[in-house]
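Taken from TrEMBL, the feature Mn(2+) binding site applies to Asp23, His211, His213, Asn247. If you look up TrEMBL, you'll see 14-276 marked as domain 'Pyruvate carboxyltransferase'. The region 'Regulatory domain' annotation in TrEMBL covers 400-521.
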Amino acid sequence: MTTSNKITGDNNRVIIFDTTLRDGEQSPGASMNLEEKLQIASLLEEMGVDVIEAGFPIASNGDFEAVNEIAKRVKNSVVAGLARAGQKDIERAAEALKPAARARIHTFISTSPLHMKYKLRMEPDDVHQAVVDSVTHARRFTDDVEWSCEDGSRTEHDFMCRCVESAIKAGARTINVPDTVGYTVPEEYAALIEMLLNRVPNIDKAILSVHCHNDLGLAVANSLAAVSAGARQVECTVNGLGERAGNAAMEEIVMALRTRNDVMPFETGIDTTMITRASKLVSAITGFAVQPNKAIVGANAFAHESGIHQDGMLKNAQTYEIMTPESVGLNKSNIVMGKHSGRNAFRTKLKELGFELGDNALNDAFNRFKDLADKKKTVFDEDIVALVDDEMTRANDHIRFVSLQVACGSKGPQTAALELTVEGAPLSATCEGNGPVDAAFNAIRALFPHEAKLQLYQVHAVTEGTDAQAKVTVRLEEQGKTVNGQSADSDTIVASVKAYIHALNKLLTKREKRAPEALSA
Ligand code: KIV
Ligand code: ZN
């Protein structure tokens with residue numbers, strides 16, 4: 001494959017554009033609240049992401065607020081807001097991005113025959129005019145404008161060249177060619193990038209970008225082929241989160257470029273040792289578990305089970321390991337935590353795991369750690385991460401868990417006696433159900449009646465062993481809005497109730513924002 005990089009001369013730096021907060025959040029059930037988006041944005045900035053696509057400001061007030069808050073806080077990364085080709089979209093994005101140190105408006109329109117005819121119901125000439133108008137309008141607000149031809153991989157080449165040339169003439173600095181439906185294959189996509197580099201006369205005035213969806217499992221391969229062909233920005237998400245089968249996974253792109261630098265001599269600005277933390281944070285917030293055999297961040301990605309492999313690893317790690325666990329932030333820690341560990345060791349361990357808590361939060365987390373260490377022989381790093389994740393999301397809760405007692409087993413009936421506080425007032429109820437979880441959830445509904453529908457109930461063991469903590473995700477839906485609640489506890493039913501309450505608290509926060517008086521159930 002030839003690497004005709006007319007864009008950046010011999011600059012082999014690949015810009016990492018993370019769209020976890022926009023395309024990632026578009027995957028059904030992955031909605032995040034403001035606090036969670038800020039947490040992710042801050043981690044993305046810290047790990048060296050060049051561009052953070054923070055949302056789609058015209059889509060909702062929540063999206064506007066998230067882009068606006070992220071724009072206020074992020075200083076080192078460019079903050080991007082998405083906008084369709086219309087003036088209102090672009091003005092809303094510009095307004096949300098106003099406080100940003102470095103703002104990018106990312107405007108798009110479909111250019112494939114199928115999308116123009118059936119989705120837009122527009123003639124190609126009108127689409128072309130919209131490209132010129134939208135980029136020109138966006139440039140009134142910022143120098144940094146990105147233009148995307150949605151469904152680019154199914155767009156006719158002549159029309160694409162015409163639109164790209166005009167977008168650059170109108171002031172776009174980045175031209176993004178999405179494989180919106182995950183249809184292309186590496187050779188074809190690389191050829192498309194080369195075609196643009198060879199045919200668009202002013203292409204040297206822009207960075208070519210790629211944005212691949214994973215419908216055929218080729219998003220990462222397609223993105224890398226495009227980089228080898230001359231693209232210098234990759235749009236991707238943490239854990240490959242995104243519409244349908246997701247987007248190209250950032251951790252895979254970054255580690256492939258780093259590990260196979262011999263055949264892909266390109267650099268990114270990402271601190272790869274933060275990859276594991278980012279993956280865990282996004283998984284914890286969205287409730288989207290990472291499959292154990294997922295490349296780079298799966299629980300088994302660095303586990304060697306077979307005797308032959310273990311033997312080879314002991315003799316020389318490189319026999320079966322192409323990258324070190326440490327390079328993605330999986331530290332083999334020297335501090336083993338147990339019931340004799342003190343506050344100082346706990347604080348040091350938290351630091352090692354990437355958490356800095358204030359004194360009160362540290363005390364609460366330490367007390368919970370001590371409780372856990374009493375119940376569990378070995379407290380693993382994963383246990384501590386689950387515990388602190390739990391602690392960090394509970395600060396402003398209206399509903400709080402107090403206690404739970406369940407009766408279950410084959411003789412029935414299964415019952416749950418639950419104590420909660422709602423705005424500080426103690427409440428208790430005992431309910432039956434079809435199993436202990438059902439009984440416990442019925443008790444929550446009895447104490448705090450609500451119409452929200454349970455969309456997902458998911459349990460994972462945080463570590464191995466029968467004394468492992470259970471990490472539970474509960475997804476609730478109310479008036480088309482979904483929220484995810486999570487909790488971890490060595491008692492699965494307690495974790496389930498806490499996760500449900502976490503989701504309810506998030507719903508209440510959403511309701512408060514809609515109408516302050518709607519706080520009651
Ligand atoms: O997949 C896609 O085409 C997109 C664009 C809005 C960039 O997400
Ligand atoms: Zn997309």
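Including glycine, each Cβ sits where the backbone N, Cα and C put it.
Any TrEMBL annotation is an automated prediction that lacks curation.
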Using the centroid of the Cβ atoms of Asp23, His211, His213, Asn247 as reference, list every other same-chain residue with Cβ within 8 Å of it (recorded Mn(2+) site), in sequence order.
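For the Mn(2+) site the neighbour list reads Thr19, Pro178, Thr180, Cys212, Asn214, Ala219, Glu235, Cys236, Thr237, Gly242, Glu243, Gly246, Ala248.
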Using DSSP and collapsing to three states, where does Asn247 (Mn(2+) binding site) fall: helix, strand or coil?
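DSSP assigns Asn247 (Mn(2+) binding site) to strand.
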Averaged over the whole of the region 'Regulatory domain' (400-521), what is the pLDDT?
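Mean pLDDT across the region 'Regulatory domain' (400-521) comes out at 88.
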Please check the binding-site residues Asp23, His211, Asn247 against ligand 1 and give me the ones with CB under 6 A, sequence order.
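Result: Asp23, His211.
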Within 10 Å of its Cβ, which one of these binding-site residues (His211, His213) has the largest number of other Cβ atoms?
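Max Cβ neighbours within 10 Å, all protein chains included: His211.
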Just to confirm: which same-chain residues, 6+ apart in sequence, have a Cβ under 8 Å from the Cβ of Asn247 (Mn(2+) binding site)?
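Asn247 (Mn(2+) binding site) has long-range Cβ partners Thr19, Asp23, Gly24, His211, Cys212, His213, Asn214, Ala219, Glu235, Cys236, Thr237, Gly240, Leu241.
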Write out how many residues of the region 'Regulatory domain' (400-521) are helix, how many strand and how many coil, based on DSSP.
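Going by DSSP assignments, the region 'Regulatory domain' (400-521) contains 39 helix, 53 strand, 30 coil.
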If you count Cβ atoms within 10 Å of the Cβ of Asp23 (Mn(2+) binding site), leaving out that atom itself, what do you get?
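Taking all protein chains shown, Asp23 (Mn(2+) binding site) has 23 Cβ neighbours within 10 Å.
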